[in-house]
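If you check Swiss-Prot, you get these features:
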type: ACT_SITE; residues: Glu140; note: active site
type: BINDING; residues: His139, His143, Glu219; note: Zn(2+) binding site
type: TRANSMEM; residues: 4-24; note: transmembrane segment
type: TRANSMEM; residues: 35-53; note: transmembrane segment
type: TRANSMEM; residues: 147-167; note: transmembrane segment
type: TRANSMEM; residues: 194-214; note: transmembrane segment
Amino acid sequence: MFRVGLFLATNLAILLLLGLVMSLLGLDSRSASGLLLMAGCFGMGGSLISLALSKWIAKKATGAHVIEQPRNGTEEWLLHTVARQAQTAGIGMPEVAVYEADDMNAFATGMRRDAALVAVSTGLIRGMSQDEVEAVLAHEMSHIANGDMVTLSLIQGVLNTFVIFLSRMAANVIDNFLSSDEDGGGLGFFGYMAVSMLLEFVFGLFASMIVMWFSRRREFRADYGATELASKQKMIAALARLQQQHISSSLPEQVAAFGIRPRQGGLAELFRSHPSLEDRIAALEAI
């Protein structure tokens with residue numbers, strides 16, 4: 001309920017701010033209001049639809065097998081561990097799935113805390129000790145308990161709305177400026193679309209940096225939550241184990257942001273969804 005209230009308050013503040021800016025710039029409030037409504041429908045609507053379909057997309061993209069009846073002792077242990085952590089975290093039991101992949105990875109997704117999905121790769125099960133797998137599960141359960149998927153989707157939706165609205169408004173300003181010169185031709189339909197799409201791409205890059213910054217913050221928070229559901233030592237051991245492998249994530253792009261990502265360099269660091277393993281271990285050791 002708090003998250004929904006915060007979301008509504010945020011959008012109200014955005015509407016008031018944009019209304020003030022439009023008044024100061026002397027823009028037509030009626031056309032701007034219609035554009036803002038369209039941007040909100042596409043920006044926020046697209047983000048929420050993606051969230052609603054996230055479990056289905058994740059299962060299809062990874063070929064994950066949801067454990068309903070355990071086929072072996074490992075699957076039985078996974079269900080038991082997740083059930084215990086869910087009870088400790090005060091959330092509903094999520095679906096637990098395993099997907100085929102050589103790399104050690106895991107992710108959590110879902111629209112509601114009480115109806116989420118936790119999936120681990122076969123590579124993670126083979127490559128980690130039971131204590132380390134328990135810590136990884138605790139990390140993913142912390143994401144669910146913290147409502148990270150919903151929070152990031154709301155942030156993405158607000159930024160999507162900004163990107164669509166500002167790119168169209170900037171294209172309108174350019175078109176009006178060109179229409180007022182001696183030729184008076186303006187951009188034309190295709191020119192307007194090309195400029196707005198280019199601006200959307202540029203603004204979208206900056207929006208992605210903001211989303212990824214929030215994502216990195218949520219990773220530290222989930223690591224901290226894992227220390228309460230498992231232990232600090234187990235979480236550090238799991239991250240140290242990941243350092244020993246050359247991480248090359250096989251997760252499909254649709255769910256890559258939810259899993260463990262290889263380290264990149266330069267400007268690519270701004271687009272990372274996860275902090276470096278070194279930074280995460282250092283943060284845990286400082287607790």
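Glycine is no exception: its Cβ is also placed from the backbone N, Cα and C atoms.
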Measuring Cα to Cα, tell me the gap between Glu219 (Zn(2+) binding site) and the residue listed as 'active site' in whole angstrom. 10
Recorded positions compared (Glu140, Glu219) - the one with the fewest other Cβ atoms within 10 Å: Glu219
As a test of the contact definition, list every same-chain residue at least 6 positions from His139 (Zn(2+) binding site) whose Cβ is closer than 8 Å to its Cβ. Ala106, Ala222, Asp223, Gly225, Ala226, Met235, Ala238
Taking the Cβ of His143 (Zn(2+) binding site) as centre, how many other Cβ atoms lie within 10 Å? 26
